[in-house]
Amino acid sequence: MAAVGANATLLTNTKSTVEPVRPLANFPPSVWGDMFLSFSLDNSKMEEYAKAMEKPKQEVRRLILDPTMDSNKKLSLIYVVHRLGLTYMFLKEIEGQLDRLFEEFNLEDYVDVDLHTISINFQAFRHLGYKLPCDVFNKFKNNDSNAFKESIASDVRGLLGLYESAQLRVKGEKILDDASAFAETKLKSLVNTLEGSLAQQVKQALKRPFHQGMPMVEARLYFTNYQEEFSKYDSLLKLAKLHFNYLQLQQKEELRIVSKWWKDMRFQETTPYIRDRVPEIYLWILGLYFEPKYSLARIIATKITLFLVVLDDTYDAYGTLEELRLLTHAINRWDMRAMSDIPEYIRPFYKILLDEYAELEKQLAKEGRLKSVIASKEAFQDIARGYIEEAEWTNSGYVASFPEYMKNGLITSAYNVISKSALVGMGEVVSADALAWYESHPKILQASELISRLQDDVMTYQFERERGQSATGVDSYIKTYGVSEKEAIEELKKMIENAWKDINEGCLKPREVSMDLLAPILNLARMIDVVYRYDDGFTFPGKTLKEYITLLFVDSLPM
């Protein structure tokens, strides 16, 4: 969660004692205030939704298992179910169907199939981890020039499907690299000529492809923009509405819980310089996993990430270098006796931090899951060390080499704290073996981590310069490789693009671990894209994040 675009302000005191000079950031206030504190959960309404879902759920299950449905219709149905965020309800049935269809796959069967249908089939397989060959798109290229045929440029639905399919590519799939560029160019040239739902579909894909979006928001937008795709299935339409409204009630209650906790902790009084972003942080964590079973996990991860906001803003927008050195030492000691060594203003935070983790350790130890809490705590200590390194660089005017910057920057991106804290409340999914795999720092984790750092840097480097903060990856890349600012940004974007390919590869079968463990890694990269693609959406949440929070927690779907 990088820092801010506000101009630095100096604080001095006219009294005989001169106060330290502090880089106050004047963060924008919360967009929401106490709005979500007043929510009152109607348990009877949740029970009503849950009961009402049973019949359409059984009907959708029968559709998925229908042996008379041809393969293209079956794959289209599975794709729609996935886009609506309902896959987890029917995962066993869907994988059973895809296992059979994947085994029966024959490239010759696609000779007479149109681009839109092929694209839907391709996405249905790839999203669920089946590596359908990208050769299915070869027939849309010219044999002589190897370029995509201009004749498909008028097939808007086909182009849209091709563009969405290309986002699922892995390294070495040049045809999908070409497909992405070709389809994007053609769609941009056509978008202003389109009308109705198709225009909205294209605009949304160009703004952010489905694969790189927040699952719950993408499901909500799909429901609105693609109703003609699934309205023929009454049961699916009804289930999607009930499901969204059920989840909304559960999630608004979770948001109320963390909002009350935040208010009770009085952080806005004891550390008034910080960003007040409770709904935005909850949204971020919801982006990692929205399924009902992860309710406790979301609450835990949101609280820890809110701790991180206080820490980040203290290092970045308030503390003096000497104060930050003392705070870093105290966090590494992790001992209440260290409280007397740190500035008075940060002592309430320090006590609450240690108390909350102690309670988590007590709770998770009973379940035999203490290691996940320890991993989260150690990540928190790591980021404090990373923050002080950045503060020392800023103080001395030092610009690190790009490799040196990335070594520390991957830590200060906050990825490690958020991702490990997301594991704490996930239950049996996070076994000892799963945690060991996570700690081995596999390629998919490295890729998601890199996106978290560089997407942030590409969007915020100018703001950081204005505030006189430590050099970002853009600055370090320019210094290390002697390139222009434009060239540096282009190179970092290429690194981000390649990292997405590694994430896509890591989600394909056979997988090293279950998709339950991989999904938060994939989804954290998605949330970084949501927050930082167009602006610093966390510091200035009045655009994208406000729209998302309204979609998910304010507006319901009419039944």
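Every residue gets a Cβ built from N, Cα and C, even glycine.
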Residues flagged as motif 'DDXXD motif' in Swiss-Prot, choosing from 47-51, 267-271, 312-316, 482-486: 312-316
Binding-site annotation, Swiss-Prot, (2E,6E)-farnesyl diphosphate: partner of D312, D316, R453, D456 in R266, R275, R337, R347: R275
Max pairwise CA distance, angstrom, over record-listed (2E,6E)-farnesyl diphosphate binders R275, D312, D316, R453, D456: 20
Confidence summary (mean pLDDT) of the motif 'DDXXD motif' (312-316): 95
Assigned element (helix, strand, coil) containing R275 ((2E,6E)-farnesyl diphosphate binding site), judged by DSSP: coil
Tally of DSSP helical, extended and coil residues in the motif 'DDXXD motif' (312-316): 5 helix, 0 strand, 0 coil
Spatially closest candidate among R275, D312, D316, R453, the listed binding-site residues, to E464 (Mg(2+) 3 binding site) (Cα to Cα): D316
DSSP state at D456 ((2E,6E)-farnesyl diphosphate binding site), helix/strand/coil: helix
Proximal but sequence-remote residues of the same chain as R453 ((2E,6E)-farnesyl diphosphate binding site) (Cβ under 8 Å, at least 6 apart): M406, G409, L410, S413, Y415, G473
Cβ neighbour count within 10 Å of R275 ((2E,6E)-farnesyl diphosphate binding site): 25
